[in-house]
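Features reported for this protein in TrEMBL:
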- 61-79: disulfide bond (DISULFID)
- 73-88: disulfide bond (DISULFID)
- 97-115: disulfide bond (DISULFID)
- 183-416: domain 'Peptidase S1' (DOMAIN)
């Protein structure tokens, strides 16, 4: 028997065939489809007959088409499923995305984000079509012009990943604040610089950091919370740990969701969601606040790569073991081969970042705070949650983070968002 499904709205989806999941496809705004029958598509793989008589002497595409090696990583889809343009170290033609995908030169600055990080659509004075790599981008250094360009970007309905920089600059001017070196390679932030940073307060003491995802949701480490929401509060726009500034806000906690497979001994699945209580007589959990913004959730494990520069922030202890009163931040680098620095202790869903010299690291009190990476178009994503480490601030002991993209579906399931979406609407 066939069942017809009638919907009021439908989401348009554009996939190229190289995505790891539907979350990596481009999603367009819902359109009204009342009284229109919706068509479903089911993907499948043809079964093999086990025969090896037609083996390809050169490159075999995922769809089993055989092509010459010279046609791989050249910016042209010879396979028809784009598999010849994946996992490329460089491109002979076209544009090389940071995720290792080659795209044709005509796809650069065409108004469509073909690279996961959107680096093919970055506004530059000269269109690059010579196979140049995407390159590296600084964190928290975009001038207002770049922020404004990002706001006017094709996907202009974003509700995450773009801090209210005008408010930060105005606050800096009003306070005359100057940054000084403070914690393990870090600096003091401006009063409203890191607008997705939150503080987790248990009873009367701030014990951990966290990051705001938007709506009524905060992400933190599982070790930071217990299934007793009445014992916790979440503080927003907090700069000095023991002093409430004009933009600070406090939210009560409605529910705490700790990952069901969290292991406190091995630190596996060290991630938790904090659901905030709604404000009395209002259908929201926070009052409007220009100093509070949500960070974006990464949907693909390929969005950021080893060597990328990202940012950490928190109120943790400094190198001398003293607690810091003012929120601090530092730039760190995503590090490959995490297992060689923490032998036998790294599992799926963990990510190392820091500085192998030990000059930059997170320490006790920073746990649960965000590792935030900025993509080429200026959007900030929470790539990691500070989880654990050994010998804080010492060489060859980089900090270990919970890799958020690994838990994208878990987060989406528990927050109840109705569609797989790249950005937190």
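Note: Cβ is positioned from N, Cα and C throughout, glycine not excepted.
Heads up, TrEMBL stuff is auto-annotated, nobody curated it.
There are 24 other Cβ atoms within 10 Å of the Cβ belonging to residue 115 (disulfide bond). Within the set of disulfide-bonded residues (79, 88, 97), the lowest number of other Cβ atoms found within 10 Å of a Cβ is recorded at 88. Mapped onto three states, the DSSP output places residue 79 (disulfide bond) in coil.
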